[in-house]
Amino acid sequence: MLAASFKRQPSQLVRGLGAVLRTPTRIGHVRTMATLKTTDKKAPEDIEGSDTVQIELPESSFESYMLEPPDLSYETSKATLLQMYKDMVIIRRMEMACDALYKAKKIRGFCHLSVGQEAIAVGIENAITKLDSIITSYRCHGFTFMRGASVKAVLAELMGRRAGVSYGKGGSMHLYAPGFYGGNGIVGAQVPLGAGLAFAHQYKNEDACSFTLYGDGASNQGQVFESFNMAKLWNLPVVFCCENNKYGMGTAASRSSAMTEYFKRGQYIPGLKVNGMDILAVYQASKFAKDWCLSGKGPLVLEYETYRYGGHSMSDPGTTYRTRDEIQHMRSKNDPIAGLKMHLIDLGIATEAEVKAYDKSARKYVDEQVELADAAPPPEAKLSILFEDVYVKGTETPTLRGRIPEDTWDFKKQGFASRD
């Protein structure tokens, strides 16, 4: 029964919230304790029996470029904070399971984990609706879960099983869900696609925007700047989100970028930098960014300052280009899950014992999902499967060409069209 409470529910539009919250946060070398107070005012979307809280963010939470930063005060429900905590714990347990499965050689190939960066996926999802689009780089497992995929479907895909979100054909870098367009294995290639998603929203007069995520390592790609230009030229509702985790593979940002204030890279596009280790600040900044785009102001560059605890990928120990002391300092002083846990206890949303029970239930739930994913069969070893899953089901063409014309597949015949 406990496991059922961790099933990801579709996000709903949060209305009537002001701006940001205050939490223990650290930007650069500044660490500040937030102040919070309960309020009697209830938002209409609050679930029955829950109270709202007023959250005050430290002044160091944001740094802006060509715009006024978000408010440092906003109101949200206790239920929302609790759900965000549960989601971050699930994502971390899922990533830890990926680590173990990779080491057990059940996951092969590329695998990029986001342990330490959970606040970004969870904070964004709580600030938007299912009408909005998200597209990311290859570090995408948490986003896939937050967009509605099950832990089982994510892990099954990583293990090459038919129950995976891409039917076992995509692997770690090619995960998809409704409103989530991947996962992209080419550095920076998702950015122009994200601009295209924003154009589609604009063309169809949809009340939605595109959150297009890329890393500091991709920020110097030419196609990123080309996308900036097109987005500003056409006033597209796109939020260019730079996940600055300080290292592009094993190269520190300062060694690869002449200017590391990525939120200012848009030049003619306003920008905002936010403490990406603080989910409450991430939520407020993301909501601000969406409101900015939908108000007709055009694109926005949003930089999330974050940190990955592990290496670039499973083949990288992550300790040859940074010290263990640096990693431990970030874990002990800036962990997004530990920070939100403190708020849950301080606000009386949950006791220490209840939080431990949530953690235990999350561990049990993910373990069960691992077993289900591991038990799922791989794609059937038949020739026709190479030509399946190209088109949306129900829209398939009668034939599909392969590498050469002679390799054209006939779906009705279930064989090559030009062969007996």
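Including glycine, each Cβ sits where the backbone N, Cα and C put it.
Feature annotations, reproduced from Swiss-Prot:
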| type | residues | note |
| --- | --- | --- |
| TRANSIT | 1-33 | transit peptide |
| BINDING | H112, Y138, R139, A177, G185, V187, D216, G217, A218, N245, Y247 | pyruvate binding site |
| BINDING | Y138, R139, G185, V187, D216, G217, A218, N245, H312 | thiamine diphosphate binding site |
| BINDING | D216, N245, Y247 | Mg(2+) binding site |
| MOD_RES | S313 | phosphoserine |
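Positions of Swiss-Prot features highlighted on the structure.
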{"residue": "H112", "record": "pyruvate binding site", "contacts (Cβ under 8 Å, 6+ apart)": "Y138, R139, S172, M173, H312, S313, M314"}
{"residue": "G185", "record": "pyruvate binding site", "contacts (Cβ under 8 Å, 6+ apart)": "F110, Y138, M173, H174"}
{"residue": "D216", "record": "pyruvate binding site", "contacts (Cβ under 8 Å, 6+ apart)": "C242, E243, N244, N245, K246, Y247, G248, A253, S256, S257, T260, Y262"}
{"residue": "A218", "record": "pyruvate binding site", "contacts (Cβ under 8 Å, 6+ apart)": "S137, V187, G188, V191, V224, G248"}
### N245 (Mg(2+) binding site), number of other Cβ atoms within 10 Å
23
### Query
In the same chain, which residues outside the set D216, N245, Y247 have their CB within 8 A of the centroid of the CB atoms that define the Mg(2+) site?
G215, G217, E243, N244, K246, G248, A253, T306, Y307, R308
### Query
Quick one: what's DSSP say for R139 (pyruvate binding site), helix, strand or coil?
coil
### Query
By a simple count, how many Cβ atoms lie within 10 Å of the Cβ of H312 (thiamine diphosphate binding site), its own Cβ left out?
21
### Reduced DSSP assignment, Y247 (pyruvate binding site)
strand
